[in-house]
């Protein structure tokens, strides 16, 4: 056995298939030898042991002193207490029942009209997970129509409100925030709530919260008598929340099968729990990442699903992989700067874009092809060229063209895309990320870089208020004048704040040239 990317023996030896899941995994086009992958088996003894401890309830998110329990969501019986198991089952039943009541009209708005739409407010995994669910699984004219606000872009918020203007009274407003303190969903929520109140539209009776018990959002939703509150456990992280209420509520509201989604994830969890290294798909997948990047993440992951419905999956993996694996320090406190960069879109579209560079340019990546074998049950393709055959041909052709230049790839094949297979696919990558983190000795479940960004943003927001108050009080100020009052190290930030606040705003008199920040003198005019 050698690293030959086109070896039939290697393909046969490392092809994984599970007949319960009907999923194939092929890592043969990763450049490794049998000796190299066999050397990882000893490492996986500790990897499997660590995963067992995590599932048994060990504190795995050290920074926040929290357990990591998304695996319990798919199989409550493995959770560390009967109380947790009962809560998980109760949450699933509550969401399933609520979805049925909304869709069949048992729950209507204050005007006795059936709900038609959902405006989903959440950021990170709280937005990407639901978006993946609806984009991948929602069928035409089935369930409620979904719109998303996953940012505080003022144009996004105004456009969504305009799009829904005639249907806001029959729109469910779902706000997702575990703590209730995340600025982006809080700000979007307040803007939309205010808009509804100004236009004599219902907010409270149309609003749903997904949050932790006793969080700021929980208390707000309770005191204002929102329509519903669903639980988001403190041991569920945003990037692994798709099998919690965050992912199950969208499934219920588009009339898809929650049980099948959970079953697919649970069966993949079983397949990735076994200690037989070469028959564990997540062990094979994470080993391929490790070997192709020399354990340092030196190759980017390019995700190419050959099905439009999975286009969001690339973005979903971008967060799951990069937020979990992008770490400065390992568990020993040593600087390692780990991580795998992820990008992608869909095939065959990308064959007419960056695949040119993948084949002929810098060799700093590996591809993950995702293939589906099913065809729509329709007669529109009778006696015509079958697009499925062309799509498959484009995938195989791209894979072959890359390997001919020794460019590496992994191929995952699903029989069909449905709730069951999507749940399984997500669970496969969740476990592979965990395994890879163990291989390189980092914590996959903290996010100090994200927290640092939040703190820095909070500082800027504080400076914005200080600058606004200063200008409101009257007088002319240069950037140097302002920084001398606050902090001489933030001149660049003050420039950005003034530009955002004053450029093109007739309420401010600006002297000087914006291309020369030191020349600027700014005064607020009397209104």
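Every residue, even glycine, has its Cβ placed from backbone N, Cα and C.
Long-range Cβ proximity for residue 323 (active site, proton donor), meaning a same-chain Cβ under 8 A and a gap of 6 or more residues, is found for 124, 239, 447, 450. Feature annotation from Swiss-Prot assigns active site, proton donor to 323; the stated evidence is sequence analysis.
The annotation active site is assigned in Swiss-Prot to 352 (among others). Over all protein chains present, the Cβ of residue 352 (active site) has 8 other Cβ atoms lying within 10 Å. Under DSSP, residue 352 (active site) is assigned to a helix (H, G or I) in the three-state scheme.
Neighbour density for residue 454 (active site): within 10 A of its CB lie 14 other CB atoms from the protein chains shown. Taken from Swiss-Prot, the feature active site applies to 454 (among others), supported by sequence analysis.
With respect to their backbone Cα atoms, residue 454 (active site) and residue 352 (active site) stand 38 Å from each other.
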